[in-house]
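Single-structure report; data block below.
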Amino acid sequence: TFLANNGSDVPDLRDIFRKQGRIGISRTCAPTMTRPGHIAIFGGFDEDPAAALVNFRYNPSKFDTVFNRSRNTIGWAHRNVNGDNVREFRHLKSVVFFVYLGDMDIAAHRFKPLSKKFNKKLQYTQRGIRTTYELFERVFNDSRTAYLLTSDHGMSDEGIHGGGSALEVETPLFMWGAGVNREQTDSEANFPGKSNISELDQTQLAPLMSALIGLPPPMNNLALMPVGYLNVSAEYEVMALHLNVLQLMCQAEVLIQRFESAIFFKWLPKFMDLDLEQINQYASKLIALKAQGNIKEAMETCQKFGKSAQKCLAYYHNYYFLPLMVATTLSYLIWFYCLILQLNRLCKEEKEERKGFATFSTLILVLLGIVFLILFRLQNVSHINTFYLLLPVGMLIMAQAERPTKSGWTMTLTPIWHFSCILLPAGLLILMTFVYRHLWLLYAVSVLLNNRRAFLRRSLKFFIWLALVSLLCGMLFLLNFKTVLKRLPLKNYHVLYISMLLAIFRPLILGHRHDPRVWAVNSMALIAGAIGVYQYEVKEKVSVYIYAATWSFLLFAFLSIRYFERTTSMARRKLELITINMVTIITLLSTSWGSLNVQIVITEFVLGLQVYEDSRRSKEVEDLEVEHDPLKSLKRFYRYAFMTLLYFYVAFSLAGHWLSTFLFKSTTARLFYPHFSLYLSGSLLILKIFLPSLIVISALYAMVPFFRKNTRAILICVFLISDAMGLYMYYFVRNRGTWPTIRKFLDQALLTHAVNFMLLGCVCLAKIFLANTAMEKPGNTNVRSTRRNSSTEDTRI
């Protein structure tokens, strides 16, 4: 839009260019977002991509900028620049004025860059730029102001940015005014074409702006000033570049000194193109060349040493990359070994004793760790790097303590079973969930194989369950075609109202019985939520009474489970209470289809457990066989672990959390807090992700005796499968690239590790909620009769 049609879209700026200035392209670095762009322009370096995890909302560590280098800095939003607030600064020297044109970004997102409405906004903005330029020239009236117009990022034709396409990476650069060198133009001063336009990196603007105001570049700058952009003498340009190179040399000198002060530096790899002696000789060499009048050679020397300093900084910044990768991989593998040792012991009828920590081998490993710690400190390794490099030793001490006293290092159960039971589920989850996005196929095959015996004993319950499985498969399949859901005539809040009705009628349809107070409190909470959603949709403002109601219910939902005692003390009754309370919370935290989908998942899972148990009722001998066969126990541990993880990802996907980019809407907490808060919204989002798994694990704990008895072993299998996925994801985390790519791999690595903590928390809560409850035994007609005849008063506080 800036360079097109010889600048016809920006006629006022074209008029300025006909008289003065130069036009070029500033190339930013993906992820192409606002804050990384500002840091690159004014700080001279690319931001740590790990900031993508918090959507660039938190400030990085303190760093130097062009603003700090100048004596004064004044910043305005575009509409606040006028004669009065400019005139008061006309006597200042070495000052930076920053005018932020945020309306262009908003217009491009809203209207798309090629639309007529965007062009109208562009006309308004470029006219305002010329007006501001003329205002500054009138107020200062000394021809000593330099002007620089650029953008923090580009924009695709669809109105999005963050990626690494040419439209997103390339931004316009227009410089004019004092000190700006004008490139040779044709007689009509036409805009340069793509073939002959000058290009520079966005980070190079920081040293360039510093040179324009006659000050050194920011001390954290990593860029080299571009040559030929200053309308100054050759001596001044060499001096400006010299200050830039000295600033880069100072950073390189610190890293080299730190490395050479280490005890083993003579035997370790080092950067060969730059050393302390060359750094010390640089300044005197340049002064000698200037004294001899060899300005061209002095310029070449500056550029040579500047590029060497940049390479040196990059080399030492990534110096421990490979050792850290190896140490982390070893830590994973030793962790797997430690968990497998625990699992082997739990599979046996007679539990073997652990060696524990009071052994000679532990002493040797501790001494080895102390020796490594001393060596790393003598090597000047940073504290965080030291921790990760020593982590394998600590993990090995734990694994050694888990070894049985008799069998040494050999695993009692065959390793091939462990590897197949870990790698196969982990590989299937990675391929079908993250790579090929066919979670529906993995889900369908898994649940149908798990309940394959039910096909021989078909019943009404079986066909209802099969219908729910088919429905969920279809919904998971549609996640690959998000536009289909958008075409439905239902609005998001309409779907949410249906979810609220289902949250109350689902327990009635399934025959759940609750204390009247439970029905009343859940109903009132959902009614308050419906009113709050209506207020938000109409006014974008929710009443304070709604916030009070939702927070009060959040407390009630958890506290009531522990303090409601069942007269029958049946686990299934407690499960029903857990389910209705947690589903209500999920509904209050949903913005569209999430609650409806999760309720279907929960219903299918519980019904599937009942179908599975019904198909096994004539095979009660199986449980006794499994108890006496370690290999059968092991297979069953891994099966329940895989199903737990599978339903976590199914509920996660259907709740609206896309696995490709783990973003969430700020409206998640709209019924709990009036403003956006990253901490609060993020915490409530984690709660929303957590609750479906809490219901799933509570159902297993309440309905499956094998799960209740072997929760620890099954949880270890969950850790093994999920950590295998995490190790795979770890190798794909990237430091550079498009914003969606960086976020995708960071989020996936984070998710595969966070699921362990979530499921561990679910197990702990399920044990607390279902403590002192009895399980219904197959064929116990007395218990079943008691459940049918119990009144609605069977819950008591």
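Indices start at 1 and increase along the chain as displayed.
Placed from the backbone N, Cα and C atoms, the Cβ positions cover glycine too.
Values in this document were obtained by computation on a predicted structure and should not be read as measured data.
Taken from TrEMBL as is:
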type: DOMAIN; residues: 311-737; note: domain 'GPI ethanolamine phosphate transferase 1 C-terminal'
type: TRANSMEM; residues: 320-344; note: transmembrane segment
type: TRANSMEM; residues: 356-376; note: transmembrane segment
type: TRANSMEM; residues: 382-401; note: transmembrane segment
type: TRANSMEM; residues: 408-428; note: transmembrane segment
type: TRANSMEM; residues: 462-481; note: transmembrane segment
type: TRANSMEM; residues: 493-511; note: transmembrane segment
type: TRANSMEM; residues: 518-536; note: transmembrane segment
type: TRANSMEM; residues: 542-564; note: transmembrane segment
type: TRANSMEM; residues: 640-659; note: transmembrane segment
type: TRANSMEM; residues: 679-701; note: transmembrane segment
type: TRANSMEM; residues: 713-731; note: transmembrane segment
type: TRANSMEM; residues: 751-770; note: transmembrane segment
Stretch contact, the transmembrane segment (640-659) with the transmembrane segment (542-564), Cβ-Cβ under 8 Å, 3+ pairs: no
Take every residue in the domain 'GPI ethanolamine phosphate transferase 1 C-terminal' (311-737), average their pLDDT values, and give the whole-number result. 86
Are there residues at least six beyond either end of the transmembrane segment (356-376) with Cβ under 8 Å to its Cβ atoms? List them, or say none. 263-264, 385-386, 389-390, 393-394, 396-397, 400-401
By a Cβ-Cβ criterion of under 8 Å, what residues six or more beyond either terminus of the transmembrane segment (493-511) are in contact with it? 519, 522-523, 526, 529-530, 533-534, 537, 576, 579-580, 583-584, 587, 590-596, 599, 603
